[in-house]
């Protein structure tokens, strides 16, 4: 139990720093990006943020995601420092485990290089009439390979549980990306429909991130080939258990990537450049919240769930249930905020993106995308538990559900796009259906593994649902007045702040007992060793 308390404490600290660095870097990125959007052509912006991002995310996700999930189940460095290492951990020395992690971290580089050879010709043949499209594709490919080369440095910080330092390295990369993109956009202003500034910014991010990760680890070399490790008198390159777990997850992760990036995949091949630009703008605003808060929470949840699952005790399951229940409830609060806050999307566009975008359908698309964010958040936390605790056999058996969801997802996309002609909104509706089905499957698994987990414990309660609907009527009314120039913009902004503050106060009062019931030992670390033995 003490180990679990230490884990939750270090994870909470790492999560706090991760959220802080992500918030500062992403907010700065968002601010600078608004100037970039104002200077960019919608065609080039859609091509860079849809097609090129899909290219890079496909290379990175398929190359390294399975490796990351497999390595999360390896013993952290602190296990060795405390002298508590025992089976099933094979390598009895820090040096041996470190080298094994480096060796495994090289696999994404090899896989990614093969994917680049396959995907680059396909993209070069299908590039649209955007200036410097071929050069931009080449830069994105090189940038992706550099990120895969830095994976060995990333995993060293993960293994050492230096989560805050890792987050700061990534934050420096994001900041360098947004400033480089903005500066080169200024230089390229005279050329219409050029996506080269986005490619250069992406490459600068990869270089910056690599440099700071390299400085953080303190290594004087970077590995390109694996180094043999002595284990029981034999020279081996990789841990057999890690490779076995890797093979079990790879197939499902391919399906997960198709489902996760399905909206961009469909947009890149089925939508017109104009529709791609509108959808890219919506994802730009929606993803800032996801990247600032949801991404670090999901990454940390993977680590916490995986480590709590190692001893499989009742106390560990209780803590995992508390973590999952807390975040699902918080994400449902977010959904209620969206209910009455989505009408303000036009105001947001007027302030940030300018008239070039606010005069289009971007506001309605952004309003719909806002509902997608809490669905994405809940899926992230529920799938984090599944992939961190499921056995290889359970992961393989789950793929049949993923196949069904994949078929349903793309069929719904065709229906929304071809039959109903919903445009960018069709992509969002399809993705919400996709994530909804995945949430059902993950929660079904959580009910099986966590006896204390109940969905009713995650519900905010009927009074808060009712209040959100009442506030929706009020905000829609004030929005109509503002559109008709019958309400001052400052008063309109004040009404938004008032609604959000009122709802926050009601949440704090109505659900005060729920927050008191969540007992994390990161706050109370008063368990005695004798109690640990007793519970064991």
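Our numbering is plain: 1 for the first residue shown, then up by one each step along the chain.
Note that Cβ sites are derived from N, Cα and C of the backbone, with glycine treated the same way.
Automatic prediction, not curation, is the source of TrEMBL annotations.
What TrEMBL annotates here:
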| type | residues | note |
| --- | --- | --- |
| TRANSMEM | 12-32 | transmembrane segment |
| TRANSMEM | 100-124 | transmembrane segment |
| TRANSMEM | 130-150 | transmembrane segment |
| TRANSMEM | 171-190 | transmembrane segment |
| TRANSMEM | 196-214 | transmembrane segment |
| TRANSMEM | 326-349 | transmembrane segment |
| TRANSMEM | 369-389 | transmembrane segment |
| TRANSMEM | 401-421 | transmembrane segment |
| TRANSMEM | 490-510 | transmembrane segment |
Test the contact criterion for the transmembrane segment (130-150) and the transmembrane segment (100-124): 3 or more CB pairs under 8 Å, pairs 6 or more apart in sequence, then answer yes or no.
yes
Whether the transmembrane segment (326-349) meets the transmembrane segment (490-510): three or more C-beta pairs under 8 angstroms:
yes
Let me spell it out: take the transmembrane segment (490-510), skip the flanking residues so only those 6+ beyond its ends count, and list any with a Cβ under 8 Å from a Cβ in it.
333, 336-337, 340-341, 344, 347, 460-461, 463-464, 467-468, 471, 474-475, 478-479, 481-482
Could you tell me what the rest of the chain brings near the transmembrane segment (369-389), counting residues at least six beyond its ends with Cβ under 8 Å?
69, 72-73, 249, 256, 282-283, 285-286, 289-290, 294, 297-298, 301-303, 305-306, 309, 320, 324, 327-328, 331-332, 334-335, 338, 341-342, 345, 395, 398, 428, 431-432, 435-436, 438-439, 442-443, 445-446, 449
Mind checking which residues of the chain, 6+ beyond the ends of the transmembrane segment (196-214), have their Cβ under 8 Å from one of its Cβ atoms?
36, 44-45, 48-49, 52, 56, 131-132, 135-137, 139-140, 142-144, 146-147, 149-150, 153-154, 157, 166, 168-170, 172-174, 176-185, 187-188, 222
